């Protein structure tokens, strides 16, 4: 089912339900021979081997930072992704003391979780939550803590385990991030967001400290290519792949109503397309034979969703591409159970996906459907859907009107949406971008994870030399009559910048 068809059907259904308030699932078709390594079953558990040595076959230590940048049960998939990644690294022999995990940790024991205390990342998968270290959880999952951990700065971290990447010149570092994003930004459950300009500076500082040999970064988020496009140097010994290019969405997968679908008791997406692609690849390959480039090409092919890029995305690569021939075990470890696996990737191909920015609406709608009869909980769920859609429409119309006020009624929308040519960064002045975001939110309410997509509009306002005073005037005119109490930055945990 195409995402646009789902969205239209959702809106029609919502209108019908709202009007009423005022006055056998298709089984997923699975190849019977396919069994994922995390699939439930006593035989698979009994065959699980002992972990491999952490530093086998090379001098140095493997380090990893895993970040789930969201919170809330509707964003189940991001923490599922990160927990799954942690399981892969642990089975590969990467020591827990060398893995730093950022996750809000509000999913496994959530009242909506049909299997309390567990998290799954695959429709037929087993628990990926058990044994995952909770280094930074809840309010400790911040951009500042992430940067401090990466830099190995123990005095700069706030709360948590205090664990940091205390790496040495011969060590290898793997960073994996999964969440919502927008042009030039990555989400965090505690504001402000992570901005590309700041992230690149931190990577440069890490390189200047001579505290690693090579680093590999995987990023799952909408417009994730914009974090590195025109910004990522090629001389830092850092290789990056992203789920999407600088101008497109990434996609959730294993979602309710899609094929393959999660177990019927789940009302939210279990994973993200790029993320499950690389993890299911790593689980079914000998990582002492598979190279970084091998995985990039396989993940690129799968994430394009058979070239249906209206339901898939372009996986991109940035930074230093000279060491793509290195074997993946240097970063993800080696699971002895995969020692005799031939490099033939086997996966169930999703028939459809859900736009990252629509996945929360899908969850809310499934939650509404799940509630029986006419109850206060069901009416509350309906109001939440209506409020969320109304705020989205408000953001859409406000940004559009600000563009017309700033650039003229004829050219405004095009000026806001214009993407720079390949190789150029999103914005010339990152401080200006942050200021424009704060001005907008002060008058128009929080951007939310949906509104992150408008970061390019704010960047273009900066790139065209619009003053703060003019932006404030336009924001007041666009939003002066909007009651933003429900969506105030103070209510939503602060400003996005």
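For all residues, glycine too, the Cβ spot is worked out from N, Cα and C.
As the structure is a computational prediction, the values presented were derived from the model and not from experiment.
Annotated features in Swiss-Prot:
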type	residues	note
SIGNAL	1-23	signal peptide
CARBOHYD	153	N-linked glycosylation site
ACT_SITE	180	active site
ACT_SITE	222	active site, nucleophile
DISULFID	255-269	disulfide bond
CARBOHYD	340	N-linked glycosylation site
DISULFID	432-462	disulfide bond
DISULFID	444-479	disulfide bond
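Annotated features taken from Swiss-Prot, shown on the structure.
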{"residue": "153", "record": "N-linked glycosylation site", "DSSP class": "coil"}
{"residue": "180", "record": "active site", "DSSP class": "coil"}
{"residue": "222", "record": "active site, nucleophile", "DSSP class": "coil"}
{"residue": "255", "record": "disulfide bond", "DSSP class": "coil"}
{"residue": "269", "record": "disulfide bond", "DSSP class": "coil"}
{"residue": "340", "record": "N-linked glycosylation site", "DSSP class": "coil"}
{"residue": "432", "record": "disulfide bond", "DSSP class": "helix"}
{"residue": "444", "record": "disulfide bond", "DSSP class": "helix"}
{"residue": "462", "record": "disulfide bond", "DSSP class": "helix"}
{"residue": "479", "record": "disulfide bond", "DSSP class": "helix"}
Query = Which of the recorded positions 153, 222, 444 has its Cα closest in space to the Cα of residue 340 (N-linked glycosylation site)?
reply = 222
Residue, out of the glycosylation sites 153, 340, whose Cβ gathers the largest set of other Cβ atoms within 10 Å = 153
Query = Name the residues of the same chain, 6+ apart in sequence, whose Cβ is under 8 Å from the Cβ of residue 462 (disulfide bond)?
reply = 427, 428, 429, 432, 433, 436
Note = Counting other CB atoms within 10 Å of each candidate's CB, the least crowded of the disulfide-bonded residues 255, 269, 479 is 479
Remark   = In chain order, residues whose C-beta lies under 8 angstroms from the C-beta of the residue listed as 'active site, nucleophile', counting only those at least six residues away in the same chain, are 180, 181, 182, 244, 248, 249, 250, 356, 357, 452, 453
Key: Of 180, 432, 444 (the recorded positions), the residue whose Cβ has the fewest other Cβ atoms within 10 Å   = 432
Ask   = How big is the Cα-to-Cα gap, in Å, between residue 444 (disulfide bond) and residue 153 (N-linked glycosylation site)?
value = 37
Request  = Measuring Cα to Cα, tell me the gap between residue 255 (disulfide bond) and residue 479 (disulfide bond) in whole angstrom.
outcome  = 35
Note = Quick note, residue 269 (disulfide bond) and residue 479 (disulfide bond): C-alpha atoms separated, nearest Å, by 34
Separation of alpha carbons, residue 479 (disulfide bond) and residue 153 (N-linked glycosylation site) (Å) = 42
